[in-house]
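Q: What Swiss-Prot shows for this protein is this:
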COILED    15-39  coiled coil
REGION    29-68  region 'Important for transcription repressor activity'
COMPBIAS  90-100  compositional bias 'Basic and acidic residues'
COMPBIAS  101-127  compositional bias 'Low complexity'
REGION    225-296  region 'Interaction with Pol II'
COMPBIAS  251-272  compositional bias 'Polar residues'
MOD_RES   268  phosphoserine
REGION    297-312  region 'Important for transcription repressor activity'
COILED    299-333  coiled coil
REGION    313-338  region 'Interaction with Pol II'
COMPBIAS  347-358  compositional bias 'Basic and acidic residues'
């Protein structure tokens, strides 16, 4: 038997039934986009025959899906009715089971009178406690669930109160036809019960919560608790918080509490030496850096004449210094050396000195 090489096998037929309608529409949109591209279709060997075939298959599958969905929509109310009936039958079965269990409890309680009295008391207490809670939470429950609970609760209580012998005789006679009639009647009156459950409460009438509290005077005796913010305000009024101090530069924390500004107003103004001492002490407190000692006297006040004389003297000294510096720079450029000039030399001087000595000796001899 001839077999194609690996990688050249024909593709397996696609199963369009497994894909959803959204996937089929997406594939159809892509294939139609390819068909609109004429340049791409011309380059294909089959001129887009396969693409057109897939488009036809996809359209047929989509139309078939739409027909099936339209038929299913016709039977949708019937299916909903069946579901409601199934739910009603299951609830009826549960009611029957509860009745049987209640019969067993009644039989056991008839054997033990002490236990029966205890059970009756406990049931009364639970019913009393469940009463106000049912009133408070009645508005939050859905109307449909409330209808079912209302319909089922009286039947359960009636069956519990009936003796076990009567219930055992009644259960076999309960036929399926009666259950179906009850289910159909409950389904027909479902909408009516929903409307009947809706109530509009007037503002003039007291609310259910108020009636529940009136039935229980113990709850009214309790004092209403104060809100938390009222407690905080009362506590703050008793113990006021002092206002925070404003931040000031170069002020120690010890001085902030003493309020130095008020103390200085009451005292007499201190002398200059005392102020200097305080300033030095303040600098020593806030920093370890200290000023260097002064080499000159502090600034003094001078008259206008003295200041003019000092300025002229300073200007003259400055000009002389500038002249010396200019002459020194000029001599360095011209390579001139300033030395003592003596054209006669040392001998002339010596001769004069000797001659002077001889003249002095001759004068002495005379």
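Cβ atoms are placed via backbone N, Cα and C, with glycine included.
Note that the structure is predicted; figures quoted are calculated from it, not measured.
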Q: What average pLDDT is reported by the model for the coiled coil (15-39)?
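A: The answer is 84, the mean pLDDT of the model over that range.
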Q: Could you give the number of helix, strand and coil residues in the region 'Important for transcription repressor activity' (29-68) as assigned by DSSP?
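A: Final tally across the stretch: 34 helix, 0 strand, 6 coil.
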